[in-house]
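K.L.:
Got a structure for you, questions after.
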Amino acid sequence: MNIEEIENSKFLKSMTTEELSDLSQDIRSFIMHSVARTGGHFSSNLGIVELTVALHYVFDFPRDKIAFDVGHQSYVHKVLSGRAKELKNIRQYGGISGFQKRKESPYDCWEAGHSSTAISGSIGIATARDLNKEDYQVIAVVGDAAIMSGESFEALNYLGTCKHKVIVILNDNNMSITKNVGGLSNMLSEIRVSEKYKNARDNYVTFLKKSKTGERVYQVTKKMKDVVKDHILDESVFTKLGLDYLGPIDGHNMEDLISALNTAKDYDHSVIVHVETVKGKGYEKAEKDKIGLYHGVKPFDLNRGIVPALHTKHQSWSEAIANHVEFLMGKHQDICVITPAMITGSSLNHIFKHYPDRSFDVGIAEEHAMTFAAGLAISGKFPFLSIYSSFSQRAYDQLNHDIARMDLPCLIGIDRAGLVGEDGPTHHGVFDIGYMMPIPNLIIMAPHNQKEAELMMNTAYKNHDHPYIIRYSKNMIHKHKDHQQDVLNVGSWKIKFFDHAHLVSVITYGDQVKNVENLIREYDLPVNLINARFLKPMDEQMLDKVAHTKIIVFETDMLIGGLGEAISFYYSQHHTPVELHAMGIGDHYVTHGSVKELLKREGLTMDDLLIKIRECLNG
């Protein structure tokens, strides 16, 4: 059938399981070719096709409610709810989101972007349903990586004694973005590989289905707790929490899926349905991917697959930071590296290979990662914690309470700082400055190139006196081979251009330093340019030096809590009259799209800055 003609999933109700399986193959092919053209979340959506089709067959959406944890694996759901035509613009400016989005469709009752929220949200929806005396099913689809995180466990613990029914679908593909870690992962592996259980289950079903009487017995017993499993396997962690458990179910067998989901639907209390899927199903290269290459992709040729680019002159910020951390680890045995499930994303693969005893992937557990770093630091180690800006929000209390309050020496790399583009408001790293600035003892740094970043990392290690933050974007930067050995004076800014006769000064940081420098050179502007490489503490001598000029603070992060606000407060505290213009992101969430398009939308392009500079020069 023409996938783009699907308006809703009502037509599934009249299809046979064979027809549903055929449709799943068509949808898989459609998504495979669509995402290869546009970019987006690839392998996770290929793995969940049959499960999503079965869910839409068994349940009555949008009357019933479904929450996909994170939401990046909701492309099939979007197709079945009439958005197939819009997939060609997914994650693009003005197009549909790469996650569930309530304003897009009544089929989307929940939205996220970060992991582990679906069960908690679903419990809330189910509780409201029962308080309102309404009658519908609530389903949370959670991956085997997300279910291991703290918030998911908190929700499961509550759900075990909660009277409000939620069906939790455990989408178990044995992968996060990369390979899963932790004790629960090992437990799920034991359940997966229990051939004793699987053989007994299959023999049990085959025997009963040989006769009409047996078929009736099967129909009754399949709605009971899985007695066979309980006698063959030890109780799982889920049953010990007070939750019924069905599975594991073959996530690519339509008949088994429908049977299990109907059983869960008939329960009058909460139940876990454990479904095994293959991440990247149907595309061999993605099925074999163990490092997350096909998790989130840019446009690529399906015939060739993803061919990693060979950069001789440029590298990502993540690579630059990781390379120098590895260099320092070779010199200093006390340096340890921590990441919450982002080894590949933060370019830490070489470090984990060369220093396995000092490298720790804690899984999707940002809170634990931060306090784990505190424990290392308090015991004489020097931890480097690499964490995405948007995910660091989840560990704010630990940063404040466990690291900064005790003034523990460490280095925290805030990766993906600033606007990140297509993943949108849940992933933009524009809030970290605002929530870190008030925390005492933190040193916050924003390098504008590799050399400056290396000097900052050296400073953090050699001073060994405070927790240091180094924030950097997802952009590509120029590569230098030689590692820097020197250090910086903490709080010192750097003059790029300065003439006391100039009447306008631009203060900026990070990637924007080079952009503004190029702008000033191109138009030969009589403007001072200051690289505010330390956001905290600020260079007060430099601020006093430019106080006689009109000051433009240019940042591509939030205005509230940003550098411009901090500078304005400094002058106010010192009763210094200045004309200050702060350019940044206003009090709103930024949508998805290319960074170039988003900067234009926010009025933060170099053309916008040029207009502001000329206004100040002519005013």
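Glycine is no exception: its Cβ is also placed from the backbone N, Cα and C atoms.
Bear in mind that TrEMBL entries carry predicted annotations, made automatically and left uncurated.
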K.L.:
Could you look at Glu4, Glu366, Glu367, Glu452 and say which one TrEMBL places alongside His72, Gly113, His114, Ser115, Ala145, Ala146, Asn173, Tyr283 in the thiamine diphosphate site?
P.N.:
Glu366
K.L.:
Out of these binding-site residues, Asp144, Glu366, which one has the fewest other C-beta atoms within 10 Å of its own C-beta?
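P.N.:
If we count Cβ atoms within 10 Å for the binding-site residues Asp144, Glu366, the smallest count is at Asp144.
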K.L.:
Under a criterion of Cβ-Cβ distance under 8 Å and sequence separation of at least 6, what residues of the same chain contact His72 (thiamine diphosphate binding site)?
P.N.:
His41, Ser44, Asn45, Gly98, Phe99, Gly113, Gly296
K.L.:
Return the average pLDDT for the domain 'Transketolase-like pyrimidine-binding' (315-479) as a whole number.
P.N.:
98
K.L.:
Can you check what DSSP calls Glu366 (thiamine diphosphate binding site), collapsed to helix, strand or coil?
P.N.:
helix
K.L.:
Where His114 (thiamine diphosphate binding site) and Asp144 (Mg(2+) binding site) are concerned, what is their Cα separation in Å, rounded?
P.N.:
14
